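Enquirer: Before I ask anything, let me first share the structure, which is written out below as structure tokens.
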Amino acid sequence: MSWQAYVDDHLKCDIEGHEGHRLTAAAIVGHDSSVWAQSATFPQFKPEEMNGIMTDFNEPGHLAPTGLHLGGTKYMVIQGEAGAVIRGKKGSGGITIKKTGQALVFGIYEEPVTPGQCNMVVERLGDYLLEQGL
């Protein structure tokens, strides 16, 4: 399966039990900031934004004072899982980022998708990739 198929079929799919509810944007990005696959709506990010995200995985709490920035959008960092998941909130939407051995799985959502639904979709794919040694 191509990386794009993972984004299209596992991240941008309908949320279980909620036909038509999908993540706004999604991507799989390598630890080196190379984009493996992304939805057409995924924001163009700056290298320093990705560096900040990687630093927060290695030093949990790094982004809390400044917020998480992606594509120029600022998210307030909310409770995640140290070294494994970063979650952010902005208005009625937000972001979930799951770290795997080689990549970061991104999901961005807006209402009616809930934070929990975004977490489920992103973390399920991230956990699968971890199980595959990726």
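For all residues, glycine too, the Cβ spot is worked out from N, Cα and C.
These came from Swiss-Prot, pasted as-is:
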type	residues	note
DISULFID	CYS13-CYS118	disulfide bond
MOD_RES	THR114	phosphothreonine
MOTIF	84-100	motif 'Involved in PIP2 interaction'
Enquirer: Where CYS13 (disulfide bond) and THR114 (phosphothreonine) are concerned, what is their Cα separation in Å, rounded?
Expert: 15
Enquirer: Just how many other Cβ atoms lie inside 10 Å of the Cβ on CYS118 (disulfide bond)?
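Expert: Its Cβ has 24 other Cβ atoms within 10 Å.
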Enquirer: Including all protein chains shown, what's the count of other C-beta atoms within 10 A of the C-beta of CYS13 (disulfide bond)?
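Expert: Around the Cβ of CYS13 (disulfide bond), 14 other Cβ atoms lie within 10 Å.
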Enquirer: For the residue listed as 'phosphothreonine', list the number of other Cβ atoms lying within 10 Å of its Cβ atom.
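Expert: Cβ-Cβ neighbours of the residue listed as 'phosphothreonine' within 10 Å number 15.
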Enquirer: I'm checking region-level scores; what's the whole-number mean pLDDT for the motif 'Involved in PIP2 interaction' (84-100)?
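Expert: Mean pLDDT for the motif 'Involved in PIP2 interaction' (84-100): 98.
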